[in-house]
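Pulled from TrEMBL, these are the features on record:
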- 15-34: transmembrane segment (TRANSMEM)
- D183: Mn(2+) binding site (BINDING)
- E218: site 'Interaction with galactose moiety of substrate glycoprotein' (SITE)
- E282: active site, proton donor/acceptor (ACT_SITE)
Amino acid sequence: WLITARKGRTRWHRLFHRCLLFFFLGFLLALAPYDVDVDVRVFPSASTSAKLDSDVEIAAADSVKLEVDAASDVDSRMDLVPPKQLIVVTPTYNRAFQAYYLNRLAQVLALVPPPVLWIVVEMKSTAAETAGLLRKTGVPFRHLVCNRNMTDVKDRGVHQRNAALDHIQSHQLDGIVYFADDDNIYTLELFHRLREIRRFGTWPVAMLAPSKNKAILEGAICNASQVIGWHTNEKSKKLRRFHVDMSGFAFNSAILWDPKRWKRSTGTPIRQLDSVREGFQETTFIEQLVEDESQMEGILPGCATIMNWHLHLESFKQRYPKGWFLQKDLSAVLPAHSLLLPV
């Protein structure tokens with residue numbers, strides 16, 4: 001009897017352990033996600049196996065290509081280079097259309113994507129009117145003064161630009177320097193193109209002839225981005241090495257304060273010369289920046305687009321028209337409703 005009881009107890013233990021094991025396995029299966037994976041396989045014949053193999057290779061190649069494109073897209077975003085700063089130098093002086101010219105240029109600069117730094121230079125002292133105008137433009141600016149004595153100044157603009165060059169060199173401002181006189185006309189595209197310059201960039205400038213009845217060109221002739229010649233229309237200026245208008249070139253500011261980087265043989269400061277004849281300031285200045293046309297970059301393919309105009313419309317002999325004096329403000333003499341036209 002005892003042996004029979006032990007055998008029965010052993011069977012119950014085995015049955016209990018098996019039930020417990022099955023319960024535990026069922027519990028684990030219930031926790032696992034239920035996913036039916038139907039594997040349908042087609043066994044091709046010998047005639048179609050080669051075609052299927054080629055399709056598989058094409059699909060694999062396409063998947064690899066997509067992965068490479070995605071990776072390269074990420075790398076391109078990681079390697080984004082911030083745009084170069086534009087350092088726009090503008091000499092200005094007190095005259096009738098000064099506010100109009102500065103506002104016109106400021107409206108163009110306000111549309112240029114940052115970073116942009118506008119360096120405005122006046123003679124003797126900074127005018128409060130000019131400072132107020134610059135603050136209202138919203139364009140980052142620096143208002144400088146050229147302290148040269150006016151009695152020994154042949155060309156005011158030369159010394160004002162040199163004051164800006166002194167400031168750029170002493171503060172080691174990094175960017176593309178462009179001399180933009182306030183009375184010239186500029187397209188927005190010009191300032192976008194300036195950021196493409198590596199060392200020295202140039203382009204042709206359209207000018208209104210002194211007779212005011214025709215336009216002339218002065219500046220580079222290009223084959224793609226290579227400068228191969230110059231437009232010139234004045235016999236007296238044929239002796240110039242580079243036939244460029246002051247608003248027809250721009251350059252990397254590091255040339256001023258990092259001569260070793262640009263392999264300049266001398267550390268003499270690069271400045272415009274007041275001792276040369278009129279019309280030769282540009283070429284004598286450019287000769288300090290580059291050796292020849294091989295170090296120049298023509299802006300836009302073939303230099304075929306006019307991006308700024310030099311008009312010479314203003315007379316320098318008279319600052320303000322005579323007789324423009326009002327003792328008191330004008331008052332309205334007609335009510336507004338009287339100006340309405342009958343229907």
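Yeah, the Cβs are placed from backbone N, Cα and C, and that goes for glycine too.
When Cβ atoms from all protein chains are considered, those within 10 Å of E218 (site 'Interaction with galactose moiety of substrate glycoprotein') total 20, not counting its own. Between the C-alpha atoms of the residue listed as 'Mn(2+) binding site' and E218 (site 'Interaction with galactose moiety of substrate glycoprotein'), the distance comes to 17 Å. Taking CA atoms as the reference points, E218 (site 'Interaction with galactose moiety of substrate glycoprotein') and the residue listed as 'active site, proton donor/acceptor' are 12 Å apart. Annotation: E282 carries the greatest number of neighbouring Cβ atoms among the recorded positions D183, E282 [cut-off 10 Å, Cβ to Cβ].
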